[in-house]
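The NADP(+) binding site annotation in TrEMBL covers 10, 11, 12, 13, 14, 15, 16, 17. Residues or ranges marked as NADPH binding site by TrEMBL: 107. Feature annotation from TrEMBL assigns L-homoserine binding site to 192. Among the features that TrEMBL reports, active site, proton donor is placed at 207. For 355-433, the entry in TrEMBL reads domain 'ACT'.
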Ligand SMILES: NC(=O)c1ccc[n+]([C@@H]2O[C@H](COP(=O)([O-])OP(=O)(O)OC[C@H]3O[C@@H](n4cnc5c(N)ncnc54)[C@H](O)[C@@H]3O)[C@@H](O)[C@H]2O)c1
Ligand SMILES: N[C@@H](CCO)C(=O)O
Ligand code: NA
């Protein structure tokens, strides 16, 4: 049998502790599958004395991940610390500088520095594997980097944040409050260290930016993503969506348009009878539309210790099975030097259906005025409803519009014109509608 693959793990939280446990429990099976043992030689975390339910005896402890990389006897550095600046960034750079392969679950770090890391890795013939960074346990990175080479992608979209999907599902199915659902997601280890990244859509944006690069061969452009989170979604929106035959999901969507690549993250209404609408709780789904294969939908666990550790383990075993000196899988699907300049399609040119919920004063002519403002901006309506169950006596009236496919710019202009009429109460709610091709 070949020499053991020696790994160092920085970060022993939700993901790191699960990974250590799984590697220790399955050491024999892993050795058989890889043709060599996988040995954890070094670990690093903040608190040496914390009980993590794993046996760390015989493993060298480092307080600092950089010190681990620089001093431990390792072939692979596994970064599970999180964060963009600081220990994660410094330790990954140190590993690449020292000629050590990297496995990471850190989408925020890759969205920011992925292209630079890819260049550094490629200069030295090193691997950076990051399956856990996007859609947790779903093997979407492997599929896009390896299995779908040669396909031209037209659209990539999905539910990529387990915390948000968990919150939306429990709010809808159990009528729980947003705050209670978020607390539970944190307790279960799904949320980021700062859950604002989950609920404001940044985490989905980090993941989408990576998928966009894999799909379209363009440089990572996380700052060009249109971003809206779910903190503004109320139970009224969720109920109204259901009545109209939709469900609200936080989607990340990247698609090619005539003017460039459109990347957006926002709450989205998807048809109730679509598969993606049935994806509940912490489960994620990624849909890939391409010319050779057609439509591929991958559904599976998106967050949590074991689901994420499963992806990290797959990345480690890929390195264990790789032959020294063999051609490496390019980090970002193609050599970093061949990534194209990112051409952004402007959000105001986005074309699609819209759900618009307005709270208005109960006055004659308001309904007609709203319909007129829509028509003046060339927006054709699928439906416009004013239903009594959304109101109580003397309360403002709720009017819900669903548009046919239209331009974002037209919707913005119409909503702005309505705002000037003086009958609107509070801010209008605008939710985009996304239609899966077939599934
Ligand atoms: N939890 C999930 O479901 C999940 C899923 C996919 C990806 N991820 C990503 O995996 C990474 C880890 O997530 P987690 O949920 O396990 O986080 P966590 O907060 O549970 O664990 C982080 C670990 O890193 C250690 N750490 C933090 N800063 C350190 C430092 N400066 N020096 C040494 N150790 C330090 C902490 O002590 C802790 O052991 C993050 O990048 C996260 O985005 C998490
Ligand atoms: N916080 C992330 C972890 C998985 O990347 C989520 O909820 O999806
Ligand atoms: Na994945």
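Keep in mind that glycine also has a Cβ here, set from the backbone N, Cα and C atoms.
As the structure is a computational prediction, the values presented were derived from the model and not from experiment.
Features as recorded by TrEMBL, highlighted on the structure.
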| residue | record | CB count, 10 Å |
| --- | --- | --- |
| 10 | NADP(+) binding site | 28 |
| 11 | NADP(+) binding site | 26 |
| 12 | NADP(+) binding site | 23 |
| 13 | NADP(+) binding site | 17 |
| 14 | NADP(+) binding site | 21 |
| 15 | NADP(+) binding site | 28 |
| 16 | NADP(+) binding site | 27 |
| 17 | NADP(+) binding site | 23 |
| 192 | L-homoserine binding site | 20 |
| 207 | active site, proton donor | 28 |
Residue 107 (NADPH binding site), number of other Cβ atoms within 10 Å: 28
Those binding-site residues in 11, 12, 14, 17 whose CB falls under 6 A of ligand 1, listed in sequence order: 11, 12, 14
Mapped DSSP class for residue 10 (NADP(+) binding site), helix or strand or coil: strand
Which recorded positions sit within 10 Å of residue 16 (NADP(+) binding site) - Cα, from 107, 192, 207: none
Where the C-beta lies under 6 angstroms from ligand 2, the matching binding-site residues among 10, 12, 16, 192: 192
Nearest-integer angstrom distance between the alpha carbons (Cα) of residue 207 (active site, proton donor) and residue 107 (NADPH binding site): 6
Length of the line joining the Cα atoms of the residue listed as 'L-homoserine binding site' and residue 14 (NADP(+) binding site), in Å: 10
Chain-mates of 10, 11, 12, 13, 14, 15, 16, 17 with C-beta within 8 Å of site centroid, NADP(+): 9, 18, 19, 45, 80, 81
Distance, residue 107 (NADPH binding site) to residue 11 (NADP(+) binding site) (CA atoms, angstrom): 15
Confidence summary (mean pLDDT) of the domain 'ACT' (355-433): 91
Counts of helix, strand and coil residues, the domain 'ACT' (355-433), according to DSSP: 26 helix, 27 strand, 26 coil
Nearest-integer angstrom distance between the alpha carbons (Cα) of residue 17 (NADP(+) binding site) and the residue listed as 'NADPH binding site': 19
